[in-house]
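Novice: Take a look at this one; I'll ask things after.
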Amino acid sequence: MEMEKEFEQIDKSGSWAAIYQDIRHEASDFPCRVAKLPKNKNRNRYRDVSPFDHSRIKLHQEDNDYINASLIKMEEAQRSYILTQGPLPNTCGHFWEMVWEQKSRGVVMLNRVMEKGSLKCAQYWPQKEEKEMIFEDTNLKLTLISEDIKSYYTVRQLELENLTTQETREILHFHYTTWPDFGVPESPASFLNFLFKVRESGSLSPEHGPVVVHCSAGIGRSGTFCLADTCLLLMDKRKDPSSVDIKKVLLEMRKFRMGLIQTADQLRFSYLAVIEGAKFIMGDSSVQDQWKELSHEDLEPPPEHIPPPPRPPKRILEPHNGKCREFFPNHQWVKEETQEDKDCPIKEEKGSPLNAAPYGIESMSQDTEVRSRVVGGSLRGAQAASPAKGEPSLPEKDEDHALSYWKPFLVNMCVATVLTAGAYLCYRFLFNSNT
């Protein structure tokens, strides 16, 4: 297959980063004026992940119709997707209002609520303990009917009720729970098995509204999911499956939402998934059983919230190159700590968060084409960290040490100055008396 040869050639030449940069430069750019309005600032998770004006989803609200979501219509594939950010605490009601108004049957979630100790998404669906959630701002009620937990994904059956009309609808929530915090899945097997589960449910069928797909920013993992699905669909529809050009398909999708596919690693993984998925499209039905076997979906799932590893304690008076900290100027140590923060393997997804704790700068293996975070701070801010109770801060200790060191010298200088001034005055007085 031509695509497989292309993949091997790119792998051999190590040119994934260059190809990814070409896509970034060729991608369409359209206005995002509505997203930038001051009143919508608290509805965006990231400053620089915004829906284009021409493709944004509009809520049926009179006061404000804005939600950070984009409609992607792939006409040849006859597939539509709504790509959106992970809901914020203040936009959960808007999220379900969009699902209701767009008549969507499926929601695909590709992140965990917490990753790397950061909140990636609000808990916008009810858990077993509570069973239901009511969104008063949009007058909707969501009830958990059942959930099927596998080793790497969970399928939830939800009931969404419009409290104004008393109408109810079934919503299927497909939650991929094991996308690694750093990078992409090792193998496309589990990803493809998950994708085909979504397909088999009918949630992607045109008789329903567009499937809603999200991660944290709604561009990286979400773009990977939609790109793989669209390419496999085009392979199935065309007489010549090898004519499908992944790069062209991605550029077409980027006309509807910015930044789809965030890293070269995600682009490479998309190729892998399409190449492997094409085996099923070409008639090898046994590969689906292989995906299921390789993905180990019947094993015990990992915990939902994995606490981040503790950060090492900061050094206070430890030796540094054979010398102690107290003999160095304080600002040198502050700079060192700030640099340590920068060197930590932090990642993620585009822009400074507005409504959540800062998300790290994602490496070339996660959702991060433009997302960034400010690490450290000004020197003054670093020195202003509160000391332990009852113990003076490090700058205060240094000041006391410096004062005790210079005190004898300063006293001697003062005495010498007074004696010199006195001698001069006596000389002037005696000189004037003689004249």
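Glycine is treated like the rest: Cβ placed from N, Cα and C.
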Novice: What range among 42-62, 84-104, 378-398 does Swiss-Prot record as region 'Disordered'?
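Specialist: Matching range for region 'Disordered': 378-398.
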Novice: If Swiss-Prot marks one of Ser203, Ser243 as phosphoserine, which residue does it mark?
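Specialist: Among Ser203, Ser243, the residue Swiss-Prot annotates as phosphoserine is Ser243.
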Novice: Using only what Swiss-Prot says about substrate binding by Asp181, Cys215, Ser216, Ala217, Gly218, Ile219, Gly220, Arg221, identify which of Gln127, Gln157, Gln262 is listed for that site too.
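Specialist: Same substrate site in Swiss-Prot: Gln262.
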Novice: Annotation phosphotyrosine in Swiss-Prot: match it to one of Tyr20, Tyr359, Tyr405, please.
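Specialist: When Swiss-Prot is consulted, phosphotyrosine appears for Tyr20.
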Novice: Of 316-337, 338-359, which span is tagged region 'Disordered' by Swiss-Prot?
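Specialist: Range annotated as region 'Disordered' by Swiss-Prot: 338-359.
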Novice: Would you mind telling me which one of Tyr66, Tyr81 Swiss-Prot calls phosphotyrosine?
Specialist: Tyr66
Novice: Which candidate in Thr143, Thr168, Thr368 appears in Swiss-Prot with the annotation phosphothreonine?
Specialist: Thr368
Novice: List the Cα distance (Å, whole number) between Gln262 (substrate binding site) and Tyr66 (phosphotyrosine).
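Specialist: A Cα-Cα distance of 24 Å.
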Novice: Between Ser50, Ser216, Ser243, Gln262, which of the recorded positions has its C-beta surrounded by the fewest other C-beta atoms within 10 Å?
Specialist: Ser243
Novice: Please compute the mean pLDDT of the model over the domain 'Tyrosine-protein phosphatase' (3-277).
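Specialist: Result for the domain 'Tyrosine-protein phosphatase' (3-277): average pLDDT 95.
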Novice: What is the biggest Cα to Cα gap, in Å, among Asp181, Cys215, Ser216, Ala217, Gly218, Ile219, Gly220, Arg221, Gln262, the residues listed as binding substrate?
Specialist: 16
